[in-house]
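Novice: Straight from Swiss-Prot, here's the annotation block:
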| type | residues | note |
| --- | --- | --- |
| BINDING | GLY85, 88-89, SER93, 95-98, 113-121, THR125 | 5-phospho-alpha-D-ribose 1-diphosphate binding site |
| BINDING | GLY85, ASN116 | anthranilate 1 binding site |
| BINDING | SER97, GLU230 | Mg(2+) 1 binding site |
| BINDING | ARG171 | anthranilate 2 binding site |
| BINDING | ASP229, GLU230 | Mg(2+) 2 binding site |
Amino acid sequence: MGTMAGSWAALLGHLVAGNDLSAEDTAWAMDLVMTGEATPARVAAFVVALRAKGETPAEVRGMADAMLSHSRPLEIRRRAVDIVGTGGDRSGSVNISTMASIVVAAAGVPVVKHGNRAASSKCGTADVLEALGVAIDLPPEGVRRCVEDLGIGFCFAPVFHPAMRHAAGPRREIGIPTAFNVLGPLTNPARPSAGLIGCGDQRMAPVMAEVFAARGGSVLLVRGDDGMDEITTTTTTTVWVVQGGTVTEESIDPAEFGIGYSTPAELQGGDAEVNAEVVRRLVAGEAGPVRDAVLLNAAGALAAFEGPGTDLRGRLGADVERVAAAIDSGAAADLLDRWAKRSTEIMRESE
């Protein structure tokens, strides 16, 4: 156990004095949040005091590990990649990570996507997949079958993390971003070894990268320099490259890959039906700013899966061509169609 674990008063006093906690301390606190033993006041005090001090990688890792220990397990037998952002970047953009997931799987790399309904936007991953006919709330065995059969599956956060309901009230009432906002990408129940992970919060992005490094994953942690929680096409993107337990920081520019700059308005989304239509047009081969953004993010996920190595730009350039081919061959459209049908069949069988 950590030095503070066992006493809320000691733990909160330590934080308020500006001192860091150990991973064991935050895991102890998170464990009580997940079991419902922590009162709403203690939940709120804990995450607000952490935010005021500034969360460390060890503190966030302790929370994420405790959350995973309470999740419903999902064993995927294949290496896979996750493509997900923290959300909350207020950009109101189309579902770029969702589209990139479909394209990456169509290019032959297994994807296990972790996500939820919209929090700050009009349309989250779950909302757009539901509008596309994908059964979003499959149990663990159903998600596993989807990945085995199709190379893609979606873990709906409320299905896999039911214990997080105890934090819902305090999260909503606090109304400011806290460590809870970055836990989603760190708690994919399939625990994929690779990821393209977006974080719009400039201070938290390198903290998240260090958590992934401590786990030994191969991850590109990205933040658009416009504040988007993905690789942006409106300007440059900062990339924290996580491989071999270390983190290095790079900057990439869409122009390096023959992609022109777009405006935020060109990536603007709407409700689930509007964004679903954008997905359909993307997989049908429509050119333009949305495709450009999807290609870069899909290439980033492939690079993370393959291991970015020492030449990130060279890797991304080759992968942009590979993911473009997955759209233009019709493979992405075919996969989306099969995913909707197969997930619905599996859902019926598991009812």
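Cβ coordinates come from backbone N, Cα and C, glycine included.
Quick one: where do these features end up spatially?
Specialist: Cβ neighbour count for SER93 (5-phospho-alpha-D-ribose 1-diphosphate binding site): 25 (other Cβ atoms within 10 Å of its Cβ, all protein chains included).
According to DSSP, ASN116 (anthranilate 1 binding site) sits in a coil region rather than a helix or strand. Non-local contacts of ASN116 (anthranilate 1 binding site) by the CB criterion (under 8 A, 6+ apart in sequence, same chain) comprise GLY124, THR125, ALA126, PHE156, ALA157, PRO158, GLY184.
GLU230 (Mg(2+) 1 binding site) carries neither a helix nor a strand DSSP state and counts as coil. For GLU230 (Mg(2+) 1 binding site), applying a Cβ distance below 8 Å and a minimum sequence separation of six or more within one chain yields GLY85, ILE96, SER97, LEU196, GLY198, VAL222, GLY224, ALA293, ASN297.
Reduced to three states, the DSSP call for ARG171 (anthranilate 2 binding site) is helix. Summarising the environment of ARG171 (anthranilate 2 binding site), the number of other Cβ atoms within 10 Å of its Cβ, over all protein chains shown, is 18.
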Novice: Neighbour count, 10 Å Cβ-Cβ cut-off, for GLY85 (5-phospho-alpha-D-ribose 1-diphosphate binding site): what number do you get?
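Specialist: Around GLY85 (5-phospho-alpha-D-ribose 1-diphosphate binding site), other Cβ atoms within 10 Å: 25.
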Novice: For HIS114, ARG117, listed as binding-site residues, tell me which one has the smallest number of other Cβ atoms within 10 Å.
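Specialist: Comparing Cβ neighbour counts within 10 Å for the binding-site residues HIS114, ARG117 gives ARG117.
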Novice: To the nearest whole angstrom, state the Cα distance for the pair SER93 (5-phospho-alpha-D-ribose 1-diphosphate binding site) and ASP229 (Mg(2+) 2 binding site).
Specialist: 10
Novice: Among HIS114, ARG117, ASP229, these being the binding-site residues, pick the one whose CA is nearest to that of ARG171 (anthranilate 2 binding site).
Specialist: ARG117
Novice: Going by DSSP, give the three-state secondary structure for SER93 (5-phospho-alpha-D-ribose 1-diphosphate binding site).
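Specialist: DSSP call for SER93 (5-phospho-alpha-D-ribose 1-diphosphate binding site): strand.
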Novice: Measuring Cα to Cα, tell me the gap between ASP229 (Mg(2+) 2 binding site) and HIS114 (5-phospho-alpha-D-ribose 1-diphosphate binding site) in whole angstrom.
Specialist: 15
Novice: Determine the Cβ neighbour count for ASP229 (Mg(2+) 2 binding site): the number of other Cβ atoms within 10 Å of its Cβ.
Specialist: 25
